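Engineer: Please read through the structure below; I'll follow up with questions.
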Amino acid sequence: MAFTSLNIHLLPVFVFLLSTVGVDAGAAYLSNGLQNDYYRHSCPTAESVVRRVVRANVSDPSNPNNLRFAAGLVRMSFHDCFVEGCDASVLLNGLGTEKTARINKFLQSSEIIDKAKQELEKVSPGVVSCADILQYAARDSVVALNGSSWKVQGGRRDGCVSRADSADSEIPSPDLDLDGLTASFNRKGLSRDQMVILSGAHTSAAGHCENLVTRLYNFNSTHATDPSIPAAYAAQLKSLCPQRTFNDSVFIVLDTVSPFFDAGYYVTLEQHQGLFTSDQILFDDPRTRPLVESLTDNKLFEKDFGEAMRAMAAVEVKLYEGEIRNDCRMINPY
């Protein structure tokens with residue numbers, strides 16, 4: 001039997017389970033409903049286990065594969081939160097789920113979340129949600145690439161709805177202009193400034209040729225190639241991505257300055273080498289250029305990035321619905 005989406009509604013009984021699973025009754029909830037040190041009593045090693053698994057997979061930034069794994073965890077946390085909220089719906093397997101969406105074609109690193117979940121199930125079965133693991137792992141991958149840490153709250157529950165069409169419609173396209181990007185983030189309760197700051201995660205990211213078709217070969221009726229791309233950079237991109245013969249194994253870094261998690265992405269934009277329209281527009285548009293220029297200060301970027309990630313990780317979280325999955329790739333059997 002073929003399924004086009006995964007859409008299972010749980011009974012309200014889960015409202016009452018919140019008081020018995022993962023909660024530290026002695027600590028106050030934040031205004032977003034999440035909680036610092038959420039697993040302090042129910043699973044004290046939760047964050048350290050995730051950290052150890054992440055480090056084992058992404059600890060060497062000079063290794064291109066490790067760099068992609070680290071970037072994949074941050075990207076996955078973003079793609080998760082923008083569809084159904086931060087509920088690990090992006091991790092669910094099945095026909096028609098978010099994993100199968102066109103925009104998630106190159107999404108990777110879910111196996112790292114699986115490994116962390118398996119380790120946690122050994123010590124505290126049924127306690128730590130996949131949604132929380134994903135946010136911890138995103139933070140730890142940044143630290144593994146020499147970025148700064150930030151406090152990640154817990155208390156998210158795992159969702160049971162995952163649809164490819166929702167991912168393709170909700171996650172911003174790399175071809176969006178500033179107004180389109182801003183509107184996309186505003187719909188999730190995030191500001192334009194937070195959008196610019198969160199885009200800094202591209203410092204460790206890589207792009208693929210199929211997402212450059214419009215910018216390189218079909219920009220508008222006047223210019224086949226985006227005229228804002230410096231000629232030498234456009235020629236380099238076209239050599240990597242010849243028209244109609246794209247190679248999915250080609251990775252193009254978005255930060256040409258350094259392999260570490262730092263402010264190099266914004267320096268790249270100042271050099272007019274933003275890979276996608278949605279990158280370069282942040283510098284080219286006068287409304288966001290001053291912020292881009294200020295974020296080339298690495299200390300400011302690291303501080304602001306952690307704060308923006310905390311805001312994103314609280315988008316549409318599930319506190320009184322959903323479940324704690326036993327396996328991040330599938331909903332629990334009932």
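Backbone N, Cα and C atoms are what each Cβ position is placed from, and that goes for glycine too.
Please treat TrEMBL annotations as automatic predictions, because they have not gone through curation.
Got these off TrEMBL a minute ago, pasting:
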type     : residues                                 : note
BINDING  : Asp80, Val83, Gly85, Asp87, Ser89, Glu98 : Ca(2+) 1 binding site
DISULFID : Cys81-Cys86                              : disulfide bond
DISULFID : Cys130-Cys328                            : disulfide bond
DISULFID : Cys209-Cys241                            : disulfide bond
DOMAIN   : 33-332                                   : domain 'Plant heme peroxidase family profile'
SITE     : Arg75                                    : site 'Transition state stabilizer'
Engineer: Taking just the CA atoms, what is the gap between Cys209 (disulfide bond) and Gly85 (Ca(2+) 1 binding site) in Å?
Structural biologist: 29
Engineer: Return the average pLDDT for the domain 'Plant heme peroxidase family profile' (33-332) as a whole number.
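Structural biologist: Averaged over the domain 'Plant heme peroxidase family profile' (33-332), per-residue pLDDT gives 94.
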Engineer: Reported as an integer number of Å, what is the Cα distance between Cys130 (disulfide bond) and Glu98 (Ca(2+) 1 binding site)?
Structural biologist: 15
Engineer: Sort the recorded positions Cys81, Glu98, Cys241 by C-alpha distance from Arg75 (site 'Transition state stabilizer') and give me just the closest.
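Structural biologist: That would be Cys81, the closest of Cys81, Glu98, Cys241 to Arg75 (site 'Transition state stabilizer').
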Engineer: An 8 Å radius from the center of the Asp80, Val83, Gly85, Asp87, Ser89, Glu98 Cβ atoms defines the neighbourhood of the Ca(2+) 1 site; name the other residues of that chain inside it, in order.
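Structural biologist: Result: His79, Cys81, Phe82, Glu84, Cys86, Ala88, Val90, Gly159, Ser162.
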Engineer: May I ask which of the recorded positions Ser89, Glu98, Cys241, Cys328 is closest to Cys81 (disulfide bond) if we compare their C-alpha atoms?
Structural biologist: Ser89
Engineer: Taking just the CA atoms, what is the gap between Cys241 (disulfide bond) and Glu98 (Ca(2+) 1 binding site) in Å?
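Structural biologist: Distance (Cα to Cα, whole Å): 27 Å.
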Engineer: Using DSSP and three states only, what is Asp87 (Ca(2+) 1 binding site)?
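Structural biologist: SS state of Asp87 (Ca(2+) 1 binding site) = coil.
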Engineer: Between Ser89 (Ca(2+) 1 binding site) and Cys328 (disulfide bond), how many Å separate their Cα atoms?
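Structural biologist: Given the Cα positions, Ser89 (Ca(2+) 1 binding site) is 9 Å from Cys328 (disulfide bond).
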Engineer: Can you check which residues sit near Asp80 (Ca(2+) 1 binding site), meaning Cβ under 8 Å from its Cβ, same chain, 6 or more apart in sequence, and list them in order?
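Structural biologist: Correct list: Cys86, Asp87, Ala88, Ser89, Val90, Leu91, Ala131, Leu134.
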Engineer: Provide the three-state secondary structure of Cys209 (disulfide bond) computed with DSSP.
Structural biologist: helix
Engineer: For Arg75 (site 'Transition state stabilizer'), which of the three DSSP-derived states applies: helix, strand, or coil?
Structural biologist: helix
